[in-house]
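Here the structure is laid out as structure tokens; the discussion comes afterwards.
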Amino acid sequence: MSGDRDALRRELRQRRRAIPAAARIAAAERLAEQLLALPFAPASGHVAGYWAMDGEIALHAWQLRLPPTLHYCLPVLGADGQLRFAPWRRGDALVGNRFGIPEPDVAAESLLPAAAMALVVVPLVGFDARGQRLGMGGGWYDRSFAFRNRQGPPPWLVGAGFAAQQVQVLAAESWDVALDAVCSEQGTLLPATAGTPVPP
Ligand SMILES: Nc1nc2c(c(=O)[nH]1)N(C=O)[C@@H](CNc1ccc(C(=O)N[C@@H](CCC(=O)O)C(=O)O)cc1)CN2
Ligand SMILES: Nc1ncnc2c1ncn2[C@@H]1O[C@H](COP(=O)(O)OP(=O)(O)OP(=O)(O)O)[C@@H](O)[C@H]1O
């Protein structure tokens, strides 16, 4: 991993944490509106969010406004390096993972594979106008959704962040999975390639 990428990550994480409480509360509401208005917002099935940490934009407003036909899920880290997903409702048991992020406390058999999601809201440290994403550096989303580089949606991959996390251009790595959209409190970016099937 390049030092540039690391330095950018540090700077953008700091910027994300520095957003004042009142602004983040308002931003979460605006973000929910953007996510609910996506042209490809599914009407039924499973959708994945994340448990916001380290200054990430929160998803509670979106979760609370989902239609009852959609089941909200949270990511669970697998020992094999893949993310799996578990339905989670307020009050369901949680347990901290190796990074201290709460995840549903469920048996392995009841976890859903990444491909079972209709839409996934992807946490990000930075993004650019083409839908390239800089994450925390673990490669979790890239590994888990690598199949989206060979086939079209679903699952639709939608980055969520504060507008302050947008940068001019992120250098794409060969393993990076591009996002179909990025939503922030200021609007929705739909990169020109959104949903384009990858030729065989
Ligand atoms: N809310 C949320 N959940 C998520 C992610 C995320 O970015 N945000 N992930 C997105 O991939 C996955 C977890 N990936 C992560 C990768 C690195 C670190 C992290 O905090 N690294 C530390 C140092 C390592 C350590 O503590 O062992 C750090 O740099 O602060 C956290 C999560 C799955 N769940
Ligand atoms: N499809 C893949 N197969 C194998 N390894 C992968 C794959 N995708 C990413 N990786 C590994 O993950 C590492 C981290 O990738 P990267 O820096 O792009 O993470 P990130 O997208 O910022 O992290 P995250 O998704 O956890 O937020 C890379 O060094 C790469 O070796």
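Using N, Cα and C of the backbone, Cβ positions are placed for all residues, glycine too.
TrEMBL labels come from automatic prediction, so no person has curated them.
According to its DSSP assignment, Trp140 (ATP binding site) is helical. Within the same chain, residues at least six positions away from Trp140 (ATP binding site) with a Cβ under 8 Å of its Cβ are Pro75, Leu77, Gly81, Leu83. As annotated by TrEMBL, ATP binding site applies to Arg5, Asp6, Ala7, Leu8, Arg9, Arg133, Leu134, Gly135, Met136, Gly137, Gly138, Gly139, Trp140, Tyr141.
In the three-state DSSP reading, Glu56 (substrate binding site) counts as coil. The substrate binding site annotation in TrEMBL covers Glu56.
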Return the count of C-beta atoms lying within 10 angstroms of the C-beta of Arg9 (ATP binding site), excluding that atom itself.
17
If the criterion is a C-beta within less than 6 angstroms of any ligand 2 atom, which of the binding-site residues Ala7, Arg9, Glu56 pass it? List them in sequence order.
none
In sequence order, those binding-site residues of Leu134, Met136, Trp140 whose CB lies under 6 Å from ligand 1:
Met136, Trp140
With the ATP site defined by the record as Arg5, Asp6, Ala7, Leu8, Arg9, Arg133, Leu134, Gly135, Met136, Gly137, Gly138, Gly139, Trp140, Tyr141, how many Å span the farthest pair of C-alpha atoms?
21
Lowest local Cβ density (other Cβ within 10 Å) among binding-site residues: Ala7, Leu134, Met136:
Ala7
Could you tell me which of these binding-site residues, Arg5, Gly138, has the fewest other Cβ atoms within 10 Å of its Cβ?
Gly138
